[in-house]
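Among the features that Swiss-Prot reports, heme b b562 binding site is placed at H83, H182. Marked as heme b b566 binding site by Swiss-Prot: H97, H196. The ubiquinone binding site annotation in Swiss-Prot covers H201 and is backed by similarity to another entry. Per Swiss-Prot, transmembrane segment is recorded for 33-53, 77-98, 113-133, 178-198, 226-246, 288-308, 320-340, 347-367, and the stated evidence type is similarity to another entry.
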Amino acid sequence: MKIMRKTHPLMKMVNHAFIDLPAPVNISGWWNFGSLIGLCLIIQIASGLFLAMHYTADTTTAFSSVAHICRDVNYGWLIRSMHANGASLFFVCLYLHIGRGIYYGSYLYKETWNVGILLLFMVMATAFMGYVLPWGQMSFWGATVITNLLSAIPYIGPDLVEWIWGGFSVDKATLTRFFAFHFILPFIIAAMAMVHLLFLHETGSNNPLGIPSNCDKIPFHPYYTFKDLLGVMILLGLYLTLVLFFPDLLGDPDNYMPANPLNTPPHIKPEWYFLFAYAILRSIPNKLGGVIALVLSILVLALFPLLHTSNQRSLTFRPISQFLFWILVSDLFILTWIGGQPVEPPFIMIGQVASILYFSIILILLPIAGLIENKILKW
């Protein structure tokens, strides 16, 4: 009898991707985050769908519709809390996934890496637009400040901003289109994630040693399905603890006030997962320069394959590069902290130094470290 999973056209695809997929024997827990991001995306789409059933994308009723979800809809408070905190967990998994890619040299799979960068931009855009939807104070002012940055683009900037707003300020048209985009983008992200996987399965997974593992592979199921399941259990434990015990820990209290165009909050800041980029934006006293630095802070990831100078793929046996990598991680924590602070001394200077260090490590120090390590190993 033929095995159905190996012959059925649809199941054959699933089989090649998740069951009979040859996987390196030595991949560690850092390889769990891909599946965890997938889980986060499923949770976000499911919870978002139920929220969209009760939400109204209108400036007069958006805020009260969110209050209605929390008060009157069965388990609405839970669905909203899951969706809001699910975004935070999504970004935690994303950043750890990217960090893993940098540490172990996974960026040398150029197609997979570039699709990943595109996915990151799409997830960031989706999260930003989602933050605008509750129409609280920080939603409104965050949308105003961030969309206004586009006015720094020479010549077309001001027209571009008005085109995105659908008027002369952030208003009903802006909210409606943001809701439409926020709804459709996750499905495009899911499709792009499939492309990401397609490219990955063309080459096979990398491993902690950064060496070819074709001679030593094991099937994905049952070994890595159960390993991923452990990651899922840990993630869900952390997730439910956050959702049920500390639902407002990562939110901004200002967003519990309805949007008021006549009253600016004392400190306008995005959600915690954008603070590092926000700090880089603010560290440059020129508007256009700040916007360029903001885009480059993410786009610089695309340069990793080009700036790889070492003869070894991963950082496992490269102590100088390891040291720089962890300095970079610390620097990102500092930038995240600075992004949430007011624009005053000493925070301005700390932010500027941290921003310079961020780009210096990636563009200058890591490539030099790779060359030095080659020399030390006489390669």
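Each Cβ is built from the backbone N, Cα and C atoms, and glycine gets one as well.
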Please work out the number of neighbouring Cβ atoms within 10 Å of the Cβ of H83 (heme b b562 binding site), leaving out its own Cβ.
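Cβ-Cβ neighbours of H83 (heme b b562 binding site) within 10 Å number 21.
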Using a 10 Å cut-off on CB atoms, tell me which of the binding-site residues H97, H182, H196, H201 is the least crowded.
H201
State the Cα to Cα distance, in Å, between H196 (heme b b566 binding site) and H182 (heme b b562 binding site), rounded to an integer.
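So the alpha carbons of H196 (heme b b566 binding site) and H182 (heme b b562 binding site) sit roughly 21 Å from each other.
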Give the nonlocal contacts of the transmembrane segment (288-308) in its own chain as ranges (CB under 8 Å, at least six residues past its ends).
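Beyond its ends, the transmembrane segment (288-308) has Cβ neighbours at 98, 102, 105, 107-108, 110, 113-114, 117, 120-121, 124, 149-150, 152-154, 276-278, 280-282, 355, 358-359, 362-363, 366-367, 370.
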Which one is it: of the binding-site residues H83, H97, H182, whose Cα lies the shortest distance from the Cα of H201 (ubiquinone binding site)?
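With Cα distances computed to H201 (ubiquinone binding site), the winner among H83, H97, H182 is H97.
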Could you give the Cα-Cα distance between H97 (heme b b566 binding site) and H83 (heme b b562 binding site), in whole Å?
21
Same chain, outside the transmembrane segment (77-98) by at least 6, Cβ under 8 Å from its Cβ: which residues?
30, 33-34, 36-37, 40-41, 43-44, 47-48, 50-51, 66, 69-71, 116, 120, 123, 127, 130, 235, 238-239, 242-244, 247, 250-251, 271-273, 301
Going by DSSP, is H196 (heme b b566 binding site) sitting in a helix, a strand, or coil?
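The three-state answer is helix.
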